[in-house]
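As listed in Swiss-Prot for this protein:
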DISULFID  31-54  disulfide bond
DISULFID  41-87  disulfide bond
DISULFID  55-90  disulfide bond
DISULFID  94-105  disulfide bond
DISULFID  99-115  disulfide bond
DISULFID  117-149  disulfide bond
DISULFID  121-142  disulfide bond
DISULFID  195-217  disulfide bond
DISULFID  206-238  disulfide bond
DISULFID  269-301  disulfide bond
DISULFID  273-294  disulfide bond
DISULFID  283-315  disulfide bond
DOMAIN    99-165  domain 'Kazal-like 1'
DOMAIN    166-189  domain 'Follistatin-like 2'
DOMAIN    185-240  domain 'Kazal-like 2'
CARBOHYD  123  N-linked glycosylation site
CARBOHYD  287  N-linked glycosylation site
REGION    315-343  region 'Disordered'
SIGNAL    1-28  signal peptide
């Protein structure tokens, strides 16, 4: 009875409208790069995508919302509401999840798929501890690879064995050379690299030796050839400063004046000294005994004066050898070589 009352042409039109609306609904969603802990979608990737198109990449964190909303609503969601509501994750299981190299998908305690670090350690022959480029000792190379996967993508093994305070017994791989930095830590560095010419004035660096280096690469190379740390005084070309007032340090650093050579250098002064009774007292270059090296640094930052360790223990306990003091002239506690050699 109903079909007899509707014109055949009207049925064709209704069928066309139905399929158009169905297709439009399938295309009207928004694709997001992640689902936050609050359950909302965050980091908008693309609008007007179907769930199938949004989720075909295989990324674990990709999510989708079906609401077809205007730009104003999207803006409010992202800025004021912590993301878009009704967030649908693309992946509910680990099936076809691509976590990338060194990772694999596992279901967590909440029965949700998560990418976890799982480096391939099957080809590692050295099973003992290794020293990383960050100056930390890892129990083995596999532990270092996991740390690299989690938070340090540039982390590499610099030499086998625990990190050392001297180049003695350090076997550097390939053509790299062992140098000791200003905090008395041994690092393996490459001296034969070719440094490109600077393309910007911002690349110039002033070394603790009062010499201007064209770039961090040039400072690395000079450090390597010297065999011990030069250290960074401040960014930019070296100037004939009369005091720290003439030196502009980057954010978070403070100028300390070295009265011995009449130069200033920028240092990090935000270190808090732990309350530990195990620290060894040090005799500083101002002939004052400090309870620890950290306490000496704290005093230096407070006074705006560069202080260096002359020797361990009380200043009254050892008659300093002038030759040894000369050897430590360029020591600097503010800029570990890891930050200089890996720029």
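Backbone N, Cα and C define each Cβ position, glycine as well.
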Quick check for you: of the disulfide-bonded residues 206, 269, 273, which have their Cα within 10 Å of the Cα of residue 105 (disulfide bond)?
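Neighbours among disulfide-bonded residues: none.
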Just how many other Cβ atoms lie inside 10 Å of the Cβ on residue 123 (N-linked glycosylation site)?
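Taking every protein chain into account, the count is 5.
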Please count the residues of the domain 'Follistatin-like 2' (166-189) that DSSP assigns to helix (H, G, I), strand (E, B) and coil.
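Helix, strand and coil residues of the domain 'Follistatin-like 2' (166-189) number 0 helix, 8 strand, 16 coil.
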Starting from residue 315 (disulfide bond), work out which of the disulfide-bonded residues listed here (31, 94, 99, 115, 149, 273) have their Cα within 10 Å, and give them in sequence order.
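Within 10 Å of residue 315 (disulfide bond): none of them.
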Test of understanding: give the count of other CB atoms lying within 10 angstroms of the CB of residue 217 (disulfide bond).
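There are 18 of them.
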Could you state the CA-to-CA distance between residue 142 (disulfide bond) and residue 123 (N-linked glycosylation site) to the nearest Å?
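Just about 10 Å between their Cα atoms.
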Filter the disulfide-bonded residues 87, 90, 115, 149, 273 down to those whose C-alpha lies within 10 angstroms of the C-alpha of residue 54 (disulfide bond); answer none if the list is empty.
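Near residue 54 (disulfide bond) by Cα: 90.
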Where the distance is taken from Cα to Cα, which of the disulfide-bonded residues 31, 115, 149, 206 turns out closest to residue 123 (N-linked glycosylation site)?
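Result for residue 123 (N-linked glycosylation site): the nearest of the disulfide-bonded residues is 149.
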What mean pLDDT does the predicted model reach across the domain 'Kazal-like 1' (99-165)?
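Mean per-residue confidence for the domain 'Kazal-like 1' (99-165): 89 out of 100.
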Helix, strand or coil: which one is residue 149 (disulfide bond) in, per DSSP?
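Residue 149 (disulfide bond) sits in a helix per DSSP.
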Write out the long-range same-chain contacts of residue 301 (disulfide bond), meaning residues 6 or more apart in sequence whose Cβ is under 8 Å from its Cβ.
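Long-range Cβ contacts: 254, 256, 267, 269.
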How many of the residues that make up the domain 'Kazal-like 1' (99-165) does DSSP mark as helix, as strand and as coil?
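When I sort the residues of the domain 'Kazal-like 1' (99-165) into the three classes, I find 10 helix, 19 strand, 38 coil.
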Roughly how many angstrom lie between the C-alpha atoms of residue 41 (disulfide bond) and residue 294 (disulfide bond)?
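Residue 294 (disulfide bond) has its Cα 45 Å from the Cα of residue 41 (disulfide bond).
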Just to verify a number: CA distance, residue 31 (disulfide bond) to residue 283 (disulfide bond), in angstrom, no decimals.
62
Just to verify a number: CA distance, residue 273 (disulfide bond) to residue 195 (disulfide bond), in angstrom, no decimals.
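Just about 38 Å between their Cα atoms.
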